[in-house]
Amino acid sequence: MWRMQPAQDQPLALTTVRPLCPTNGKEEEVNADLLEEEAEFNWEEYMEETGAAAAAPHTAFKHVELSLQSSFQPGMKLEVANRSSPDSYWVASIITTCGQLLLLRFSGYGDDRKADFWCDVMTAELHPVGWCALNNKNLMPPEDHPYLRKAIKEKYSDWTEFLVQDLTGSRTAPANLLEGPLRGKNTVDLILEDSVLELQDLSDPFLYWPARVIQNVGGRLRLRYAGLTDEHRAQDAWIFYLDVRLRPQGWALENRLALQPPTALRPLKSAPDWQKALEDAQLDGQKNPLPLEVFKDHVDLPRHSFRTGMKLEMVSRWEQLQICPVSVTKVYNDVYFQVTLDDASVDATPRRVVCHANTPGILPVQWCLKNGVGLERPRGFEGQDFDWADYLKQSGTEAAPESCFPDTWQNRGFAKDMWLEAVNPHRPAEVCVAQITQVRGRLLWLRLEGVLKQLSECLVDVESMDLFPVGWCEANAYPLTAPIKAVCQKQKKIAVVQPEKQSVPSPTVEMTPVHHCQPVAMDAGSANGRYTCSRIFVNHRCFSGPYLNKGRIAELPQAVGPGKCTLVLKELLSMLINAAYKPGRVLKELQELQDQSWECQEETLKAKYKGKTYRSTLQIIRLADQIPDFCRKVCLKLQCCPNLFGPVLVTDKCPENCSLQTKTKYTYYYGKKRKLSKPAAGDETAEGDVAKPARRRKKRKAIFVQKKRRSTAVDYTPAGSPQDSDEEEDEDMALQSGSEGTSSEPREDHTDASSVEVASSRPRRAASLRRANSTGHPRAVQEAPEGRRRTTRSVSAYSQGSQYQPPKDQDMQVEEEGQLVLDRNPLEWSVDEVVHFINSTDCASLANIFQEQDIDGQALLLLTLPTVQECMDLKLGPAIKLCHQIERVKVAFYRQFAN
């Protein structure tokens, strides 16, 4: 029950209260209008284009680091199912956490780490302590841990006696984190919409009022006070879940504090309406209580040493970019006190703030003087120069000692020119791109991008929970206010794209009037022309080859440049990649392009295909005199005319006469001589004739696609690559031109549309032809039409060439489609059998690694891409090829032996 108090009994509220700011009501519409532009903003590209120094380190944002931690804490106990006995369980302790993975140690091992094991809270059978007793299950050490059983039996007569001692004083893992909708969730994800908390009043630390969670953005909560509806959205408060003003429901009454609506909101409703809203909120909170784990990282506020009358400096809550003298005017208790802005003017309206020892923005006297920052003189102060010594003497007051101000802000890692994401103090719902313009002690001067210039500067404390690392908004699917004119705001020379067939360029977003952007002076390296190039032309009439779409090439601008070599070439290659039938395939081809004589730098290029984004690092030359050679080799790599793009403009007829060539003939002359398979002896064609390749049945090849998940586990699943009609035509052309017909595009229904990356493995060759030749029957294989032929052959036959003879009963067989058929369970394979299998694949060069590391069948089935890369020290390409072979064994194992 709450009661209204006379206004004079309450401290005066702030003249402007940010969570109650009336501008908040328009924020939803403002952000909605900018969604399209914000969706295109990319931090990596923006920082590269603007020459940004660096992003602020993630470790500087302590509140964000805490929000990503697991809800489970080291030391918690739980009951784990025994693998050897399905109906028995044993107690284990949590050693550490990694996302939804828990590192556990059975009770009885003490500090011995040898039997620690990982489990996934989402899949493992885990229960809180006491679950077995309630469900009549046995608690006994696992039978496959004889050391554990022996160690316990030596000291205790039975398991019960040991458990009583081990569990005394321990803390069990909460049941709601092990089952139900909250199972395995991080702390920040436990706060669901419509959860009820209690929020402290800004003007009185002893007053609280329930608030409902309207939105949870990575721990940043949009709260609506109980009793208010959607029409009062302007009064919503945005506050991070770790803020000390937030408490679980029932906390105020437990601590004998009052439940009253905020002072500024009381006129909105009658007393009975507020009372009804309070009862409804309490009832809702009891139905769906918020887990107490949400508050496990809340800090206990330290005691302060401030006394009434003490003076200090504080970042103004009312004026932008000002630090003002304030006085302690009230001490509530040993935790909270009140400061009032010093104002000696006649018409002064008291401006008060409730503070505690850790309040951001409170500073000792003469902090501004020591840090070279201007201090705002109090209103009504007489005198030209403000001096703290004279001011204290005239007012008969004392300065708050340095010991009153904790130094917990040290070592945050912020520096000038770093980039981050910050809340707009004038619109709390808006998060902006921000740059640090100045750092002084614990204060940061920020410039917010994308807002009005007069409101773009703000002053914040390093411990502010309104600061976030680069990428935070994207990670939490929240709109980020991007810079209005990202390219023109920074002086950096970029490649200029000149459109074709356009005498008078129409105004676009990228084209800004000259008076808006100042000319950029070239640096010393650019002035001598060594690192800058003139225009690079795209000659649309030249042969485009099997990879590039002729129609898309025709839509490209006629030239790119002039400018810095790397920027011009990066722009050109990006256009070519996205003009391909399959951009991911072209990206992979260009990744292999290297030359020892080139002076290069690495650049990351992207390709978009069917809503997915592929990234790869390419070598791009830096010197202008190497551009002709670079362009020619790129053209040859893509099997197109060497003059398709380069520093030479082809006006009418190409010197290579490329337009008269068919795709097959052209590739023979200008490609990488990737001829079709040679005819067998006696089948040579007459001179000048071109061998017609046999019609091949299209195969659905398996590739590995890495999926990025929120958990730490990485899933590698084989995915096919079906092609639509346009892609089939493209692949057929690629086959006819001698290119490898392997697609790096994953199957859409198997992949995450936002996180696909191109696997950099080399395409599989025609293994069937090579392996058939090695058996001594090449003609038999070639004479049969490939589209109808299905042959089986022994894998072990190729393990050691002629030295190893295949047994009559074939141990394993391979169908042409790549499906492996095993006669022996791979779990029973010895090291030698594993080596024989690896020798039979295109990863034979890695067989000695399996021999050296004694990898048998069981170990083979446990290998994944991360373990292969780490334990075998392999690069990504060979590792993916090897994992493909391992995956074939796994698929065969599950198909034949798993049941």
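A Cβ is built for glycine as well, from the same backbone N, Cα and C atoms used for every other residue.
Database features (TrEMBL):
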type     : residues : note
COMPBIAS : 693-711  : compositional bias 'Basic residues'
COMPBIAS : 724-733  : compositional bias 'Acidic residues'
COMPBIAS : 793-805  : compositional bias 'Polar residues'
DOMAIN   : 826-892  : domain 'SAM'
REGION   : 677-811  : region 'Disordered'
REPEAT   : 41-142   : repeat 'MBT'
REPEAT   : 157-262  : repeat 'MBT'
REPEAT   : 272-378  : repeat 'MBT'
REPEAT   : 386-483  : repeat 'MBT'
Maximum Cβ pairs under 8 Å to the repeat 'MBT' (386-483) - stretch from the list 41-142, 157-262, 272-378: 272-378
Structural state census, the domain 'SAM' (826-892) (DSSP three-state): 52 helix, 0 strand, 15 coil
Confidence summary (mean pLDDT) of the domain 'SAM' (826-892): 86
Per-state residue totals over the repeat 'MBT' (157-262) - DSSP helix, strand, coil: 26 helix, 33 strand, 47 coil
Helix, strand and coil totals (DSSP H, G, I; E, B; other) for the repeat 'MBT' (386-483): 18 helix, 36 strand, 44 coil
